[in-house]
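Dropping the structure in here first, questions after.
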Amino acid sequence: MALLCYNRGCGQRFDPETNSDDACTYHPGVPVFHDALKGWSCCKRRTTDFSDFLSIVGCTKGRHNSEKPPESVKPEVKTTEKKELSELKPKFQEHIIQAPKPVEAIKRPSPDEPMTNLELKISASLKQALDKLKLSSGNEENKKEEDNDEIKIGTSCKNGGCSKTYRGLESLEEVCVYHSGVPISHEGMKYWSCCRRKTSDFNTFLAQEGCTKGKHMWTKKDAGKKVVPCRHDWHQTGGEVTISVYAKNSLPELSRVEANSTLLNVHIVFEGEKEFEQNVKLWGVIDVKRSYVTMTATKIEITMRKAEPMQWASLELPAAKKQEKQKDDTTD
């Protein structure tokens, strides 16, 4: 019976009777995420693409391992003393402070207002980085070698969740079991968009067997630019809201950020062929004329001036479920 190997970066099934000392190619280290770069602590290769990170071939050979790594156990908090409910209640008067209501109360502008391109401010660090890239882009001969139809032995399959490598002509007839969706990491949970088997353990996520069968993809055929996720966050002051998108070497001539009083559309092209897109229905109202974008070598900052100096409960306006309930109540 074939068993699943739980070595990091492997995820293949193996026969215990034929398991040898060099049957498994895996990563003995741990995954490392730093400044939008992803890699393994045991090797030097880094990438910003999560799918490319998952397809990094292991750097160590050894035996397949069928033992599932233990998940991190949360510490159990126990108390030896039994206290009455009256003792557990706080001995002070509680004050519940509600978040400010959305700005719809002050006549929220229509989302159909015309969009305006925000001013782009390009930093000196980005200009220097782009100049260096232009000089290095002259060496296109190395890229031409990658465009050849010849597949090298040991090339890893580019399909998500597949860890098979090219061994020869027999690999062309082999069935590929892979994930047709994209990897998603949200609030500590990791899963594929195509099957949504969620887990908080990274090793378990890497070992998830694919949900789709097809042919291996030994070479990437990029039809132009591809949309990829980017790490981004936001913060606010009394008068401004700032969104930071961590995309390196963005191209100002191909990027744009447009907005009206309540909507924000972000389109960033970075690292030559990658795109990041985000459409945000803003929680509050902004002053478009006093808002701008700062582009640096490591990130893009979108600074939006608030129309009123008030705290936003969140960046995006939540779905209007309450409004739908109110409509149902009035019709009853």
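Yeah, the Cβs are placed from backbone N, Cα and C, and that goes for glycine too.
According to Swiss-Prot, the record shows the following:
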MOD_RES   Ala2  N-acetylalanine
BINDING   Cys5, Cys10, Cys24, His64  Zn(2+) 1 binding site
DOMAIN    5-64  domain 'CHORD 1'
BINDING   His27, Cys42, Cys43, Cys59  Zn(2+) 2 binding site
MOD_RES   Thr47  phosphothreonine
MOD_RES   Ser51  phosphoserine
REGION    62-81  region 'Disordered'
COMPBIAS  64-81  compositional bias 'Basic and acidic residues'
BINDING   Cys157, Cys162, Cys176, His216  Zn(2+) 3 binding site
DOMAIN    227-316  domain 'CS'
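Neighbours and distances for these, please.
Counted within 10 Å of its Cβ, the other Cβ atoms near Ala2 (N-acetylalanine) come to 10, all protein chains included. Reduced to three states, the DSSP call for Ala2 (N-acetylalanine) is coil.
Annotation note: Cys10 (Zn(2+) 1 binding site) sits in a coil segment as assigned by DSSP.
In the structure as shown, the Cβ atom of Cys42 (Zn(2+) 2 binding site) sits within 10 Å of 16 other Cβ atoms.
Long-range Cβ proximity for Thr47 (phosphothreonine), meaning a same-chain Cβ under 8 A and a gap of 6 or more residues, is found for Leu37, Lys38, Gly39, Phe53, Ile56.
Within the same chain, residues at least six positions away from Ser51 (phosphoserine) with a Cβ under 8 Å of its Cβ are Lys158, Gly160, Val182, Pro183.
In this structure, His216 (Zn(2+) 3 binding site) belongs to neither helix nor strand by DSSP; it is coil.
Across the domain 'CS' (227-316), mean pLDDT in this model comes to 93.
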Using only C-alpha positions, which one of His27, Cys43, Cys162, Cys176, His216 is spatially nearest His64 (Zn(2+) 1 binding site)? These are the binding-site residues in the record.
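Minimum Cα distance from His64 (Zn(2+) 1 binding site) across His27, Cys43, Cys162, Cys176, His216 lands on His27.
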What is the number of other Cβ atoms found within 10 Å of the Cβ of Cys43 (Zn(2+) 2 binding site)?
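Result for Cys43 (Zn(2+) 2 binding site): 17 neighbouring Cβ atoms inside 10 Å.
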Should any of the recorded positions Ala2, Cys10, Cys24, Cys42, Cys43 have a Cα within 10 Å of the Cα of Cys162 (Zn(2+) 3 binding site), which are they?
Cys10
Using a 10 Å cut-off on CB atoms, tell me which of the binding-site residues Cys5, Cys10, Cys59, Cys157 is the least crowded.
Cys59
What are the sequence-distant neighbours of Cys24 (Zn(2+) 1 binding site), meaning same chain, six or more residues apart, C-beta distance under 8 angstroms?
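When sequence neighbours closer than 6 are ignored, Cys24 (Zn(2+) 1 binding site) has Cys5, Asn7, Cys10, Gln12, Phe14, Gly58, Lys61, Gly62, Arg63, His64, Asn65 within Cβ distance under 8 Å.
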